Amino acid sequence: MASTAYRHQYTLVMSVLWIIGVFSFVIGTLNVVVFAAYELAAFNYISLVAAALIGVYHQRHRQLRRSSWLVCLAITFNVMMFMHLVTGNSYSVLWVTVIPPIVFFLLGRKVGAWYTAIVFGYTIGFMAYQLPRAQPLTMGLGSLLNIIEVFTAHWFLFRHYEKSRADAYDELERLSNTDRLTGLANRLSLDATLSQFTRSDNDNFDEAAIVLADIDHFKTINDRFGHLQGDRVLQQIAQLLRLQVREADFVGRWGGEEFMLILPNTSTTEAFAICEQLREQIAELKLFPNERTTMSFGVASLQPNQAPEQAVAAADQALYEAKHQGRNRTIVNF
């Protein structure tokens, strides 16, 4: 999650710099061509150059915290200078509303709250100072363009925030359903899949098979080679299972050195053949010099309207029988 948050913040910094650059160029050009406001245009083009320089610094040095502060200060400077240059007219104060979502996201809740309070306090003071000198509100072309530009900036910002929120939710959901060591589905995810398959209204399959597989003598592997090597064995076997099962199949870590496979639209006879192929491939893995790692498989049928615990118990009984008969074999519980 930390890397995801970093990626979102890094992307926002670049997005804001692009917005500053594009808006500065477009507004500067409008100030030259439409309004002949050369002082404002010069300020806009300076902002464009500043955004480009911050972008280069951000790309080269990857100092995210420092870049975040530079972006927040650049946005604030742009808004405040523009508000001063037009003396608060043309609805320029609307631009202040762009600042809070940026600083809260980049600087965090506490610093963002203080930063926003200072900006809002200054803005209120400035507008109060300008009030006796203010002209009656008019809706000219400049006012309309300011409103359009602010709305456009908000659209880009909230679109980015919504994407970040959706990505973060997807990442949380993925992590909650993934075994951290092997990258396979975890027990929570497997339980949900089993419940889905055994629902009475599930018309997506006629029959399915459930498989419990256990690494033989795994405790001995840990004792002889250490737990780090034991973890490596789990990862290697998990990778083989993930690569060799069919696209429609489900594979996950049931717990410890035990794995589960859920094979839709598969008879127990077909599941037996699949497990035998997996068993032979695992036995051929060269995980330790002069040592062979083997696995035992227990197969049972999985039916709609069947209690998930009943299907798991049947597969577990078959796995127990495979262990009892000498390991490194597949047993089907008919």
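Each residue, glycine too, has its Cβ placed from N, Cα and C.
In the domain 'GGDEF' (206-334), the DSSP tally of helix, strand and coil residues is 59 helix, 35 strand, 35 coil. The feature domain 'GGDEF' is assigned by TrEMBL to 206-334.
Taken from TrEMBL, the feature transmembrane segment covers 12-34 (among others). For the transmembrane segment (12-34), the residues of the chain that approach it from at least six positions outside its boundaries are 40-45, 47-48, 50-52, 54-55, 58, 64, 67-68, 71, 74-75, 78, 102, 105-106, 141, 145, 149, 153, 156-157, 160, 164, judged by C-beta separation under 8 angstroms.
Taken from TrEMBL, the feature transmembrane segment applies to 40-57 (among others).
Cβ atoms under 8 Å from those of the transmembrane segment (69-86) belong to residues 13, 16-17, 20, 24, 39-40, 43, 47, 50-51, 54, 57-58, 92-93, 95-96, 98-99, 102-103, 106-107, 115, 119, 122-123, 126, 142 of the same chain, restricted to positions at least 6 beyond its ends. Under the heading transmembrane segment, TrEMBL lists 69-86 (among others).
Residues or ranges marked as transmembrane segment in TrEMBL: 92-108 (among others).
Tertiary proximity for the transmembrane segment (113-131) is limited to same-chain residues at least six positions away from its ends with a CB under 8 Å from its CB atoms, namely 72, 76, 80, 83-84, 87-88, 93, 96, 99-100, 103-104, 107. Under the heading transmembrane segment, TrEMBL lists 113-131 (among others).
According to TrEMBL, the transmembrane segment annotation covers 137-158 (among others).
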